[in-house]
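Engineer: I have a structure here, written as structure tokens, and I will follow up with some questions on it.
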Amino acid sequence: MGDNGDNKELKQKLNFSYSEEEQEDEGQKEAQESKKVQYHTPERCGHQDSEAKFTPPRTPLNHVCELSTPQVKDRASPDQGLRTPVSRPHTRPETPAPPDKSKPPPHCESPFTPRGHSSQSVISTGKLPSRGSKHLRLTPGPLTDEMTSLALVNINPFTPESYRRQFLKSNGKRKTRRDLEEAGPEEGKVEKGLPAKRCVLRETNMACRYEKEFLEVEKIGVGEFGTVYKCIKRLDGCVYAIKRSTKPVSGLSDENLAMHEVYAHSVLGHHPHVVRYYSSWAEDDHMMIQNEYCNGGSLQAAISENAKSGNHFQEPKLKDILLQISLGLKYIHNYGMVHMDIKPSNIFICHKIPSDSPVVPEEAENEADWFLSANVTYKIGDLGHVTSISEPQVEEGDSRFLAKEILQENYQHLPKADIFALGLTIAVAAGAEALPTNGTSWHHIREGQLPNIPQDLSKEFYNLLKDMIDPDPVARPSAAALTRSRVLCPSLGRTEELQQQLNLEKFKTATLERELKEVQRAQSSKEGQSSPGVTGTHTGSRSTRRLVGGKSAKSSSFTWGQSSP
């Protein structure tokens, strides 16, 4: 009986679904054995103490979510799955240590069957449900915790106010930080308890995400505000461009400057002529931005290569660049923003990679998807100087491409400053000499005179470039007007002509259909005015023709010459 009891006890201990509820009568014995295990495994205890010591501070909400969803935590730290068994302390399987009630149960250290896992979750969370992560996110908590959480949420300045009020109020169940800040006097208690705006980047700092998720290939660019690296994401195997800010984020002012580009990217979304944004995070007090990788480099690099060989972009290519960037600017301006730093180094080139699958001829159905057939795509990048048109906070870009009215702090026509910079960018791509940063030559260009271009351009195209740098911003064409320019789209006139002809033919067809319906209506009215007797006779003759007429002729052809029975 003693051996059978020991075997039964051993099986129960080896069964990982064995919970505390099933061993209440042996609690004292298990407590003694747990002390022995702790003495035999000092490294494990030291390791847990060190983890508890260096664990970053967490809000109670996040702490409870981690206890209720340990599997999510395991996925977020892939290094735990890569540890070798040597690094783990050796413990006897016959003496599993029960969880310490003074500390959260270590879910990630021992496997559990669903039964044991659920029982441990219920014990660890107390009155909270086992699936508390979703429950806690959707259920409003105490007002103080809610305000603390809202203090760690940025407000995107480029989000339209109507959109923000419509979608961020959560049907009145949960208020945003701005709603709490704009509360009336009757809610004075809420205003007094509102925490100060905190540095979200520093509070949400992520350690070693760059090294864990990406493989750095090479450095592809260095700018005033950051360094760009070509990286491969370990999970999906795709290539991305990761931008790391040069200066660390040390306060709210630095955070706002670092977040400016992220705000603009997140609101703009995806457009074929704007460098695509994927993700951003703070790491070691530096801003990290994950963007689309453009395999053709920058337009400035291409211009430098052409200058070495004595070549320049020819007029057809210049028109293509101008048209594509105009489409990107039109998209940005329609969102109520301006770039404010258009120049060759902020325009990037993407070469279409040929597919291994058989090529299927495709026809662009509208103006929006014509770029799918283009072998080279030009995109606008580096949105660090983007500002709002309605509430401008202008930070001057490169003085070589800066419009004069911006220096005079005239912000009434901000989109036209992008047009001015784009005109000079095309002139540089055409082979113009290096632009001045100040002096007489600088003012000469601001008077509407293009720099010397070492190639002959068509009169229409040259005049278009001059219009783009007109001293009067009102006289400059808009980005939308450039996309409809006959100079950039010669086929646009033919398309409009064909469209007019098509509309004319549609009108003629509609007129004929209307006349036909009137004739049919008149004919049906005449038939309705006939007498009932005539109508009955006509109907009878019609039914006779239907039953005998046509079909009898066909049957007679088959029975011709045969005698009837």
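Backbone N, Cα and C define each Cβ position, glycine as well.
From a predicted model like this one, the values you see are computed outputs, not experimental measurements.
As annotated in Swiss-Prot:
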type: REGION; residues: 1-142; note: region 'Disordered'
type: COMPBIAS; residues: 1-12; note: compositional bias 'Basic and acidic residues'
type: COMPBIAS; residues: 26-52; note: compositional bias 'Basic and acidic residues'
type: REGION; residues: 169-189; note: region 'Disordered'
type: COMPBIAS; residues: 178-189; note: compositional bias 'Basic and acidic residues'
type: DOMAIN; residues: 214-492; note: domain 'Protein kinase'
type: BINDING; residues: Ile220, Gly221, Val222, Gly223, Glu224, Phe225, Gly226, Thr227, Val228, Lys243; note: ATP binding site
type: MOTIF; residues: 317-331; note: motif 'Nuclear export signal'
type: ACT_SITE; residues: Asp341; note: active site, proton acceptor
type: BINDING; residues: Asn346, Asp382; note: Mg(2+) binding site
type: COILED; residues: 495-521; note: coiled coil
type: REGION; residues: 518-565; note: region 'Disordered'
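Map the listed features onto the structure and describe their local environment.
Structural biologist: If you take the C-beta of Gly226 (ATP binding site) and look for same-chain residues 6 or more apart in sequence within under 8 angstroms, you find Lys243, Arg244, Ser245, Thr246, Met287, Ile289.
Outside the motif 'Nuclear export signal' (317-331) by six or more residues, the chain places 268, 271-274, 299, 339, 342, 347, 371, 374, 376-380, 415, 418-419, 422, 425-426, 429-430, 457, 461, 478-480, 482-483, 487-489 with a CB less than 8 A from a CB of the stretch.
Other C-beta atoms found within 10 angstroms of the C-beta of Asp341 (active site, proton acceptor) number 23, with every protein chain shown included.
Taking Cβ-Cβ distances under 8 Å and a sequence gap of 6 or more within the same chain, the neighbours of Asp382 (Mg(2+) binding site) are Gly223, Glu261, Val275, Asp341, Ser345, Asn346. Asp382 (Mg(2+) binding site) carries neither a helix nor a strand DSSP state and counts as coil.
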Engineer: List nothing but the one residue from Val222, Val228 whose Cβ has the fewest other Cβ atoms within 10 Å; the candidates are the binding-site residues.
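Structural biologist: Among the binding-site residues Val222, Val228, the sparsest Cβ neighbourhood within 10 Å belongs to Val222.
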Engineer: Using the Cβ center of Ile220, Gly221, Val222, Gly223, Glu224, Phe225, Gly226, Thr227, Val228, Lys243 as the ATP site position, which other residues in that chain lie within 8 Å, going by their Cβ?
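Structural biologist: Going along the sequence, the neighbours come out as Arg244, Thr246.
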Engineer: Of these binding-site residues, Ile220, Glu224, Asn346, which scores lowest on Cβ atoms within 10 Å?
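Structural biologist: Lowest Cβ count within 10 Å among the binding-site residues (Ile220, Glu224, Asn346) is Glu224.
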Engineer: In which DSSP state, out of helix, strand and coil, do we find Asp341 (active site, proton acceptor)?
Structural biologist: coil
Engineer: Grab the ATP binding residues from the record (Ile220, Gly221, Val222, Gly223, Glu224, Phe225, Gly226, Thr227, Val228, Lys243) and give me their largest CA-CA distance in Å.
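Structural biologist: Taking every pair of listed residues, the largest Cα separation comes to 14 Å.
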